[in-house]
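Encoded as structure tokens, the structure appears first; notes follow it.
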């Protein structure tokens, strides 16, 4: 099978690694990719305009792929999948209308309300609101204050704070950009990321994972795109996963069909598990980053066949997914000054830099035959083991041998679960 992957981050490196290991994959391409991906696929670095449907179609018509896998959310919201499907190309990823479940938080709230899915109460604050009206809404919702940019913000458009001034500042910042704000009630409880393959009303869950959004240890610092993740969750039972599928993912998939925007692709439910069970924090319309990296490292079922089943509408015929009986942890190595203004161009050295079992490249480039940093989240380090403790130890051992000036990483990815400090009633 000839396959084209769209994207250039650590998530796409993980997807390429999985596809390359599948005997059904005969020819693998990526755009725009990264020099680090060249050992797995043909890299089309000139095709950087991933959100331009015409440009992506041009590449697809040249390559003639049997399957296109779209990694990031921006091309999905921009309608790249629609354009490719219109030309008869099988695509893993939702059409633009369905991708609004991530592209507009207000739209996602409408879907959840219609589907009867538990979520935080919310109010949309449009640009142009008076200061008095904003203060009235802050009185009603906080503290804690949960302030979200209604559009795409790469996981960094959310402020959760007890500081009213900080909440007010973020509202004004989002409004100044011309975007609405979604003000929400705070959802307490441990967070769960559950990815589901969705083909119309057919829903197949992957292993549950937990992301770590804050930049620094102990969940301190600003929100980021994600500083690490682990899977599976020792504190969430199979019955708990079934409950999320039954109460959240299946009703949303059914509601999308009823709205005339059937979902095809990966539906990512970000949830908080409170006293009454799971409530939705957000939906994403694609594989999450960095949760995808540990998840796919445990998947035994060949990946190309899985993604193709979704893309061709045959997910209901796919045999049950098989997983390694193990734990996996991903820790993100971030550049200096991430997430505000990450520094680029610093040399990276490690004896494991080309070992995709240990390191995936999220934001690197090559200059004068030297690997350098080229993004905020630079490397994703993978550790696997029979226990969560062993997986954590494996990841941090690799990190100790990486040199990147002024870089940093969290030392507590998965630690609360390892120490038994997370528990729920499922």
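Glycine too: its Cβ is placed from the backbone N, Cα and C atoms.
What Swiss-Prot records for 138-193 is ATP binding site. Under the DSSP three-state reduction, residue 159 (ATP binding site) is assigned to strand.
What Swiss-Prot lists as Mg(2+) binding site is 282, 284, and the listing cites sequence analysis. The Cβ of residue 284 (Mg(2+) binding site) has 23 other Cβ atoms within 10 Å, all protein chains considered.
Per Swiss-Prot, the feature domain 'ATP-grasp' maps to 109-312; the stated evidence is sequence analysis.
Fewest Cβ neighbours within 10 Å among the binding-site residues 138, 152, 159, 173, 187: that distinction goes to 173. Across the domain 'ATP-grasp' (109-312), mean pLDDT in this model comes to 95. Candidate binding-site residues: 166, 282. Fewest other C-beta atoms within 10 angstroms, 166. The CA atom of residue 152 (ATP binding site) is located 12 Å away from the CA atom of residue 282 (Mg(2+) binding site).
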